[in-house]
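These features come from TrEMBL:
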TRANSMEM  12-44  transmembrane segment
DOMAIN    86-230  domain 'Flavodoxin-like'
BINDING   92-97, 144-147, 179-188, 214  FMN binding site
DOMAIN    287-528  domain 'FAD-binding FR-type'
BINDING   306, 542, 602, 603, 608, 609, 610, 611, 612, 645  NADP(+) binding site
BINDING   462, 463, 464, 465, 480, 481, 482, 486, 496, 497, 498, 499, 683  FAD binding site
């Protein structure tokens, strides 16, 4: 306690002594002193807490340009101490944005601009206003658009700061490359907004906005953009001669001797924290997934050559909560056979324990994935070995070819020439060759396993629309997923990572239930708050998944005496007898009056019939739901064709049944979208 507080207590006691003789009993005096003491103590504590709050506020509040404090997340300090002038920020949901950022930062050395990669989530982004203080500095943003035109999770806070704040970015040099997909309505919305907003805040655009389309060839888009971006940078900063291309390793290999590390010091598949899968602690998220038991794993298809799984995950011990329409993320494990083949092709001992350590001391990313670990674990849990290798990987692989023809082929595919692009497209993209296939077909290429581990992108979680409602299933999450398997032009069979793993892990009597790391990702795909609001749902194939949850929730509301509006579902599959998933459930809902079913079986007749054909026949009902009854419209499934066709039918209905012009119809639909009355959960 401070001297002032002690003095106050002494004064209180003295005052009590003076008045004790006339007005108060001994008990009253004691109570008075205690009350005064409590008051003084409260005032002292409040001042102490206020001081703490002031310290916190001074650390996190927006500061004027001249008084920004250097904190542990200061990218400015890292740039200054390491003599760098280029910082490449990334907004990435699947790892591609981070990969592109790394490539730009690495190439900067060639153009006399030493660079670093930075995650906006881990940086004090208000420091952007200090970047012009570093001579010839440049900020590049590789930003992906996710969902309904939203920023990625790691860029959300930065995006909101730019949107709602008004920082003075005069003197900041910048460039933006966007990662998007043209099949989605809000194509590259984040990058487009960021590019425009930075200019509005006074920053100087060094090169035009680049837009990458993942539906076509985002690798090609990126290379084409950066091949023009670098000359613009050289012109801006008066860089006369670009250096030769340098192939330098970003990570240094350390092999650990068998006796060097105890088994409990080695990562065995954990996403971030050592032993996080053995010792589970909430909250659970992308870096700390919950190890859920697979309680049910059954086949939904009744025939045909395809497989569709219904999986139920037990989340009862996780404290995780979900709502109908949310997604569940699953961390898969790569196929064991592919891992073994890669070990043989590189001559590796897959059980050897190693670490890859970043050669850049200032980088916040010390390892490309959790280390130390074994090569088997890295290839199984941490690396995308089924992904199609991008051109920069082929460029590095070329150095390990003993045959000149193999080397020339890889080098050509890594160039931006028309011949190189064409060869890359036919050899890698069209043939769906992954790293294993490339090493099998170019037999003289013998890269070391550690370099493969450095080059390949991180294995990403797979997201599935949850096909259950917590009203009926609070302790389980249901997944509906088609097992991906297809033949390539080279005669190989390629398999989906997550669905192939799930297909092999079914509960068996007398054995422990299989487990898989998962977490819940919140979605904007939501039922109306009022149960009486009509809903119209379009979900062919596994696009039915979230609507199964919606129907469960609506049926539950009705059985509990609530007034429930019409539920109209358009579902499509190939054959009624083969892939009509959840047929019994849906028809039971229909008998109970919980849904009006419109089902299209595309191959049960000579002329194919899809959900779009049925929807177009019922435009009166469509308009009644969205135009007259204030209803909600939902689409889930294929973004490239189905979702586009459905959207066009909705616009047609607004014009023909709602009496709008084409421009008015578009405006009407945009209003529905902004009010979350027209929602999409689509993928390509």
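Cβ atoms here come from the backbone N, Cα and C positions, even for glycine.
TrEMBL annotations: computationally assigned, not manually curated.
Note on the domain 'FAD-binding FR-type' (287-528): its mean pLDDT in the predicted model is 96. Neighbour counts were taken as the number of other C-beta atoms within 10 angstroms of each residue's C-beta; across the binding-site residues 144, 482, 498, the minimum falls on 482. Within 10 Å of the C-beta of residue 602 (NADP(+) binding site) we count 16 further C-beta atoms, all protein chains included.
Listed in sequence order, 329, 330, 332, 497, 498 are the same-chain residues at least 6 apart in sequence whose CB falls under 8 Å from the CB of residue 462 (FAD binding site). Across the residues the record lists as binding NADP(+) (306, 542, 602, 603, 608, 609, 610, 611, 612, 645), the two Cα atoms farthest apart are 25 Å from each other. Note: the CA-CA distance between residue 496 (FAD binding site) and residue 144 (FMN binding site) rounds to 23 Å. Cβ environment of residue 306 (NADP(+) binding site): 482, 483, 579 lie under 8 Å away, each six or more residues apart in the same chain. Geometry remark: residue 95 (FMN binding site) versus residue 683 (FAD binding site), CA distance 17 Å. In this structure the alpha carbons, written CA, of residue 147 (FMN binding site) and residue 610 (NADP(+) binding site) are 25 Å apart. For the pair residue 608 (NADP(+) binding site) and residue 92 (FMN binding site), the Cα-Cα distance reads 39 Å.
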